[in-house]
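Contents: one structure, followed by commentary.
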Amino acid sequence: MSTVDTITVTPDATVRPVDCNEQPGRASMPKLGDADLELHSLHPSPSVEISNATSPADERYLAYHHLSSDEAVRRLLATADEVLHQHKKAALTQVSLRLHILKPTIIVSILSALGLIAFYVHAVVESDPYQSRATSALVEGILLLIMVVWDIWIQRREAKLTATEMVSRIQSIIEDVRVHGINQKQDLRIPTAIPTVSVARVIRDRNIYTYPWNLLVEDDVIQLAYGDTAPCRIQYVYSHFDLAPENTAPQYFLEKGEVFTPTLFGSPPNPSILHRAVLNEGQFHFRVVETPIRSMLSAALNFKRPDTVLSKQLSVFRLLYSRFIIWIVLAVSLIINIIRYAIPAARRSETKSQGTEMLLVLQVYALLPMLPLALPTYILMARSYANAQILSLFDALQSSNTEFEDKESVDEFDAAPPPMKDLRADWRAVWSRFLDQLIKVDIKFLARTTGLVDSLANTTVICAIDREGTVASAFPSVEEVFFLKGNGDSAVLDIASHAAEPGIKFEDRDWSDHMPLLKPLGLAALLNTDCGARLGKKRTELHRKSNQLHLHGRVKSSRQSFTFDAVKGYVARKTIQTFAPYHGSVMGKAVYHFEVPSMFSQVNEEVTSGTCHLFSEGTLELVLESCADYWDGSGLGEINEDVEKKILEFYQNAILADSQVVAFAYRPIQTSAIHPSIYTKPHIPIYLELPDQQESSANGSSNDVSSSVVKTPEKNKSRPLWRKALSRIDGPLDLRGGEEKGYYQEAVKAQTFLGMASYAYQPKANMIDFIEDLGLAGIRFVYFSSAPERESKSYAERLGLEIDWNACILLSSAQGDEPGYLDEHDVKARLPRGVENIRNHIEEVDDIPLHVGLFAECSPYSTREMVKIFQEYGEVVCCIGSSLGDMGVECFAMADISIAVDPLAAVKNRNAPHTGPIAPLVIGALLGSSPCALSLHSDTSVYSLSQIIREARTLADNARQMFVFYLGCQMSLVLTYILSYCLLLPPIFSGYQVMWVMWVLMPMICLTFMVTPHAEDVMTHMPVKNMDHVRNRWRYVRYGVLRFGVSVLVCCFVFVIALSKFAGHDPWSDVFGNFGNTSWLELDGEEQWALLYAQNCALVVWVVHMALTSGTFLSRTGNLKTHPPYHNIPWIVASILSILLQCCFFAISVAGRGTLGMGVLPWWVWFVAFVVGPVILVPVHEVVKVWDREEWKKFQKRSKLEFNTKL
């Protein structure tokens, strides 16, 4: 027997056997007292895969040509480089400089700059005396051109970074592999049957390694067992030692995602294949015919995510500006100035010289506030800060050990926001990440590609695309325990799993009445899952046993166990793995339920008496066939037809409830019947493969491998019971000197049936409450299940999802005319069947597919299509899935934002800097999660997502308010210009003054909006859909005119009074159309200073008003009482600083120029500007916010009604 361990086929959870009283013809069993038992509970442990990766290969591996590790890594890197180069080249060709230059705002800006420069030239030639405004116009034109160049550069840079962000991220992973290499030492042996962990056993350098699928390369030779999934297109490889040459033998292929079953080789299978499989102990060898990373990278790079909500809203405003607003403002301004120029010019010929300024410069000034040349820079700064805040908080949440807590004021019976941690991101970490996002171009979180903050804030659907290790524990836990009592009646104990705490506990109060049945299971649990318990070591949660192969998911006795003293009395001597890949129950079984019948047996010696006891666990088919009687707690009972029926009923109900069933058995081994190999080769497991049922029957074999155990229990009537009970080691024949496998084949017969346990995947800690809290936040949780309808509903019920009327849709295509639905109400509801029919159903029937939380019978393709349908109807989709799952990469890439969950703790620190060879699992997780913005550790609470969504919503709301306020400032200046033109006034503001306030002061105030504290009820708001943005535009126009109209009137009032006083006009109405003795190009020195003073006075008033107005914009709907602005300290500092800077700007502008003084202005001008104006201004803002709040409440009610309605 080879020293190389064999395989496990499917994940499962198992429990171990028991003690049995002395029976005739058997060795006596140890008596266990109550003092030897600790009353805890059963807990699962995962299985272990093949042997140590560094064990030497034998003939089985030399029989196949395979690659060296160096050659495989070279091919991997070459393929990745090729794909990345092609995609980067294609992505950069889409970033065109011409597109940026030809934007309407850029063209208008360039023309405006040229107009200002043209005015400077004209003024130099025509003005007398020289007008200082001409120099200002030259400076303004130059500044405009500089800002145009800067705007084009910054936007093109962002476009390039966005287009190549994914490529750069993957390239950095590939470069790390190139520099540090792949670590060939594998301390953890990962099972290949966890659906969310896509790994395969690959032969390289005459060793076997467990590698993620995305690290395989063409010509790799991999091992598959029945039940494993093909990582890509693969071809069966014949051994060189087989009789049939490969070039004449039939060729067998598996496509990516196909499950490897015995039907691949036909029925009956090729004898040479069967012979080789037995020699390889159930392993089949396949050659990889394509490099998986090529398709994986193409899938990750070729999908384009939808634009975010805020991006689309900005696009709407950008479109309105470029197509309508700019030209409307230009037309209105031009018409007014043509009229005001034409009439005076008809009366006085000298005014014709000011035509250039009036017909050109004034239009430029009217457009100047709306030119968004500085806006991209400040949006980039705000976005970088928001990203830095989210990432810093996310890191803090994952590293914090504090608990999530509800607020003390929240009643437990009321709908309330989710619990949060009282954490604040460290400002040094935020600043460092801010610089990384802004300057160093951090690519680890795809902040540009995913629109990190905006996508999180506006998420409307969270799609869980897989289960194990993501929304559920990675391994199943025990749910029910089945026993047979003395009269043949069945007893079932329900066990409640508490994911937040280690272990489980019984729900039944009378569980202690079954102690005679529970004791043997507790002993078996410790004996068969011993991970240092014999040495007194503390067992950890989900700890793997590394010294031998285990079947399925194991049960660990973390709470229902014997004391260590009881365990120390036993020594593990031999393990036996029995497989029946051609068992009748396998044929015709659905892929989801496919499992090779198998049984794990272990011989343990009791040290004190020297007796040996065999404990077995495994699939019901084999365990039941190996048993003739059952243990009822006090003695043995016969397994007759009625007993089998009860056993099968429990089994079938558990399978339909999406549970896994493990059966347990026991038998003593007489001292006289112990084979020498138990002591001479105790650590070498025995592999037994039962032959094909038909072959067995033809040869008269005594191995009973009937297909009727599960499917048709009635057929068991004709099966002789003695065939199951008879074992030759209990008879007079001495087999101790016989063939080793033959002995152990007899040793696993004639066992006593102990019971069964059903195992189910339980939701992760707080997952049920998390889903409920998402509903309060207007986020629908959608689970995509690959299981059939009934099994999917069973797990959905554990998650807390609705499973009744209109709750589940099947995405697999219909077979024939049958609807495929099991429940009558679903059939009558005419729910669509198949993802290809979803769109037509939404268009022609109803939108139920957009409201359900469960989709069953999903494939990777149908899941992607459903995500695409969600997006087509305005949903913002966040995908959650395994970082080690290969099937979810395309979903990750196409979703608005994706979050990878590490199903195993082994990859927890994968984002840490690499200093040496990198573990294959880490590389696989990095590549598999490359389209994801964030990655959750396996032990991170899902409430962390709630908290970052809350933070993202706050930041997005703040950014939206910042943008709206900035637009309001633009509107205010434009309206002020238009009103001044209507009043026949000279320019109320110069161009450089507008640049000063719109490029420096207002952005300084706006950026402080980002630190506004979150609203208490932000996680109860309904998010907007990503469609039909900025509706009711005229309502917002009315709001803007009302909110900024007061400031416009006050600024014009101050300008008129100041101009009249500084220029000496009396009465002040003389400034309307009569400023200047002749032409604006002939203003004398006093008139030029008067205009400059008046402009600065009006600008100071405008800045003060905008600083006050900004306080009312910190919250969209909250009033100053409920959301006082003084909670935002940076806003207070920025507002005061902006006023002080404007005063300094005023002083510098007029320093040493002229003999005018501020004393000429009457006190009541300042009283009106700084007292009367604000007294009117603030209430107007609050009244408009009341109107807006009512509209917002109506939207919330409509959205909640739509969210909770299923018709």
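Cβ from N, Cα, C; glycine included.
Over in TrEMBL, the protein carries these features:
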COMPBIAS  696-710  compositional bias 'Low complexity'
DOMAIN    987-1186  domain 'Cation-transporting P-type ATPase C-terminal'
REGION    695-716  region 'Disordered'
TRANSMEM  106-125  transmembrane segment
TRANSMEM  137-154  transmembrane segment
TRANSMEM  324-343  transmembrane segment
TRANSMEM  363-381  transmembrane segment
TRANSMEM  963-989  transmembrane segment
TRANSMEM  995-1015  transmembrane segment
TRANSMEM  1036-1059  transmembrane segment
TRANSMEM  1129-1151  transmembrane segment
TRANSMEM  1163-1184  transmembrane segment
Report task. Using a Cβ cut-off of under 8 Å, list the residues of the same chain at least 6 residues beyond the transmembrane segment (963-989) that approach it. Result -> 314, 317, 329, 332-333, 336-337, 340, 361-362, 365-366, 369-370, 375, 378-379, 997-998, 1002-1003, 1005-1006, 1009, 1040-1041, 1043-1045, 1047-1049, 1051-1052, 1055-1056, 1059, 1071-1073, 1075-1076, 1080, 1091, 1095, 1098-1099, 1102, 1106, 1109-1110, 1113
**Report entry** Selection from 106-125, 324-343, 1036-1059, 1129-1151, 1163-1184, the stretch that has most Cβ pairs under 8 A to the transmembrane segment (995-1015)
**Finding:** 1129-1151
Query raised in the report: Near the transmembrane segment (1129-1151), which same-chain residues lie under 8 Å Cβ to Cβ, leaving out any that are not at least 6 residues past its ends?
Result: 996-997, 1000-1002, 1004-1005, 1007-1009, 1011-1012, 1089, 1092-1093, 1096-1097, 1099-1100, 1103-1104, 1107-1108, 1110-1111, 1114
Query raised in the report: Mean pLDDT for the domain 'Cation-transporting P-type ATPase C-terminal' (987-1186), as a whole number?
Result: 89
Report summary line: Under 8 Å Cβ-Cβ from the transmembrane segment (1163-1184), and at least six residues away from its ends along the same chain, one finds 1039, 1042-1043, 1045-1047, 1050, 1053-1054, 1057-1058, 1101, 1104-1105, 1108-1109, 1112, 1119-1120
Query raised in the report: Is the transmembrane segment (363-381) in contact with the transmembrane segment (137-154), using three or more Cβ pairs under 8 angstroms as the rule and ignoring pairs under 6 apart in sequence?
Result: yes
Report task. Find the member of 106-125, 324-343, 1036-1059 that has more C-beta pairs under 8 Å to the transmembrane segment (363-381) than any other listed stretch. Result -> 324-343
